[in-house]
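According to Swiss-Prot, the protein has these features:
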DOMAIN    5-240  domain 'ABC transporter'
BINDING   GLY40, HIS41, ASN42, GLY43, SER44, GLY45, LYS46, SER47  ATP binding site
Amino acid sequence: MENIIEVRNLKYKYDSESENYTLNDVSFQVKKGEWLSIVGHNGSGKSTTVRLIDGLLEAESGDIIISGDKLTAENVWEKRRQIGMVFQNPDNQFVGATVEDDVAFGLENQGLDYDLMVERVQQALELVGMQDFKEREPARLSGGQKQRVAVAGVVALRPDIIILDEATSMLDPEGRLDLIQTVKKIKDSNQLTVISITHDLDEIALSDRVLVMKEGQVESTATPRELFSREDLEELGLDQPFVNQVKVALRQSGLSLPDSYLTEKELQDQLWALLSKM
């Protein structure tokens, strides 16, 4: 599968006088159509990385290649049309008086034909299940509903890449799971690429690959299963998955279990298999 993003030897620091780099020689690739989660402690460089990809920041050195083209000052606005970004706090993204006005805002800036714009807004709201709230004021929505509208605003623009910058971190567990399942459905049905900065284990479990960042560098890449089998998850700013906690407790009780489980269902199946042999 071809790469839609290539990051090569990226360096960046917020203070030009400082000797300390926020990002120091960061390189990785994102394949077209994949879901890449980026994890690491606060300050590891995750958000800085995606802001550089989106052209919100300019690297001191290194290259960012998007769909075969090097990101430059001359083409940054063109490349931004390929990328939609959803941030942590949806209130900071709302500009419209109603939900449908807000989703239409980016399309208006692109000078889209009115009838096509109405069609795109309706389709986007239907995809995130918010069509019945189109005339509602954004301020009157729940946190999860606000993030759904933020996703709709991105989807309406028809990007190739969606970046979630801790977009689920302010939601309750049910709202987080609901939102990431919505994004996955949209990704799969439209063959989109998703980059997700997250500490949420359910979100990580849905991804194809995980990029682990530490102190401004890429520490490793792994599948979710490989990541969850690590014993130093807390050092990466992640909780131990529930299935890992259960596995440790069962091993301490004398049960022999495989090293990794990605879901509770896998653990249940293994336990049933063990019980059937007793």
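Each Cβ is built from the backbone N, Cα and C atoms, and glycine gets one as well.
Apart from the site residues GLY40, HIS41, ASN42, GLY43, SER44, GLY45, LYS46, SER47, the chain places the Cβ of THR48, MET213, GLY237 no farther than 8 Å from the centroid of the site's Cβ atoms, the recorded ATP location. The binding-site residues in question are GLY40, GLY43, GLY45, and the one with the fewest Cβ neighbours inside 10 Å is GLY43. Ranked by how many other Cβ atoms sit within 10 Å of their Cβ, the binding-site residues ASN42, SER44, SER47 place ASN42 at the bottom. A count of other CB atoms within 10 A of each Cβ picks out LYS46 as the most crowded of the binding-site residues HIS41, LYS46.
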